[in-house]
Amino acid sequence: MSPSDRIPPGVWNAIDYERLAPQAMDAGRHAYVAGGCGWDATVAANRAAFAGWAVLPRLLRDVRAGHTRLQLAGMDLPHPLLLAPVAHQRLAHPDAEIATARAAQATGSCLVASTLSSCTLEDIAAASGPARWFQLYLQPEREHSLDLLRRAEAAGYRAIVLTLDASIQLASRGALQAGFAMPADCVSANLARYPQPAPAQPAAGESRIFQGAMRHAPRWDDLRWLLASTRLPVWIKGVLHPEDARELQAAGAAGLIVSNHGGRSLDGAPASLRMLPALRTAVGAGYPLLLDGGVRSGQDAFKALALGADAVLVGRLQVYALAVAGALGVAHMLQMLVEELHACMAQAGCARLSDITHDTLTPSC
């Protein structure tokens with residue numbers, strides 16, 4: 001089905017776009033976007049972690065001067081909701097990342113463009129506002145990674161987001177059952193100029209994981225090289241272990257994104273939200289810490305902020321909104337998330353993001 005580029009009836013909350021997405025996408029494409037790896041245990045865990053907390057309402061609080069403005073990495077943002085890097089957005093809409101970039105600009109959101117985008121990083125930058133970051137997958141050849149860095153710098157991206165948790169992505173059971181295959185028009189536009197090596201073929205007796213997929217996986221020397229190769233701040237995405245957080249902070253990372261890659265890398269990994277308090281303790285107050293994984297509402301964003309995040313990234317929900325209503329849908333989804341966050345803050349007696357602390361939550365069971 002083709003997207004309508006209008007807001008359909010029945011969208012009352014941001015999460016309604018998830019409900020409507022199967023009507024706007026064919027079954028295979030939807031299964032690819034919605035699924036994680038294995039049995040989707042981590043996908044479910046991300047959502048369940050938010051359900052494990054309830055927001056405590058407060059009475060008689062004056063929030064008439066309330067707002068959600070914040071400073072993040074030198075940017076003045078109107079709200080703490082960013083668009084996460086999501087690959088192959090032409091699966092959802094012919095305008096792909098150009099549409100999400102326009103939505104981010106319209107709502108003042110920071111867009112994080114993916115290395116594996118359907119549109120080039122230059123075209124995405126031209127359609128976006130000044131708040132834009134570039135997500136990087138290190139390439140097998142350093143010269144190609146360096147060229148991506150230089151292109152991002154030249155296109156005005158404000159930061160690099162290095163993803164480290166996706167060297168292995170096992171197939172989605174749902175996508176396999178739906179017979180999904182990547183369409184010919186869903187190429188990784190940024191990588192078109194770089195020759196791609198043939199998949200590693202392990203020798204007899206070797207592992208297709210250890211000696212195959214992990215052959216080009218990033219290591220500490222790659223991170224040190226990257227930090228020395230760009231003038232842009234480098235954020236690290238895919239952090240779940242507190243010791244990794246401490247080591248990355250000490251190495252010079254500008255900030256960390258607590259993430260399990262939406263459950264697409266390791267089925268059985270803990271929910272991002274579950275690990276957030278431990279990572280905040282590990283890096284201390286004041287060090288930038290973001291979260292993605294399972295955010296579907298302004299209440300979810302509130303809970304993440306209360307548990308230690310400075311902001312959250314929205315992944316699948318942006319693709320669902322894109323599929324249903326194009327750029328207008330993504331902008332509408334973001335606006336609804338912001339309004340849901342405003343309502344949650346007001347009910348909890350929080351006039352500023354800094355008022356959202358751990359004691360605004362209570363276990364829900």
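Quick reminder: no glycine exception, Cβ is built from N, Cα and C everywhere.
Binding of FMN is attributed by Swiss-Prot to P85, V86, A87, S114, Q135, T163, K237, S259, D292, G293, G294, V295, R296, and within the candidate set R64, R69, R219, R316 the record adds R316 to that site.
Within its own chain, D292 (FMN binding site) has A84, K237, I257, V258, S259, G262, S272, V312, L313, V314, G315 as residues 6 or more apart in sequence whose C-beta sits under 8 angstroms from its own. In sequence order, A14, I15, E18, R47, F50, L317 make up the list of same-chain residues 6 or more apart from R296 (FMN binding site) whose Cβ falls under 8 Å from its Cβ. Here the Cα atom of H261 (active site, proton acceptor) is found 10 Å from that of P85 (FMN binding site). Around the Cβ of A87 (FMN binding site), a 10 Å sphere holds 18 further Cβ atoms from the protein chains shown. Its Cβ placed at the centre, P85 (FMN binding site) has 25 other Cβ atoms within 10 Å.
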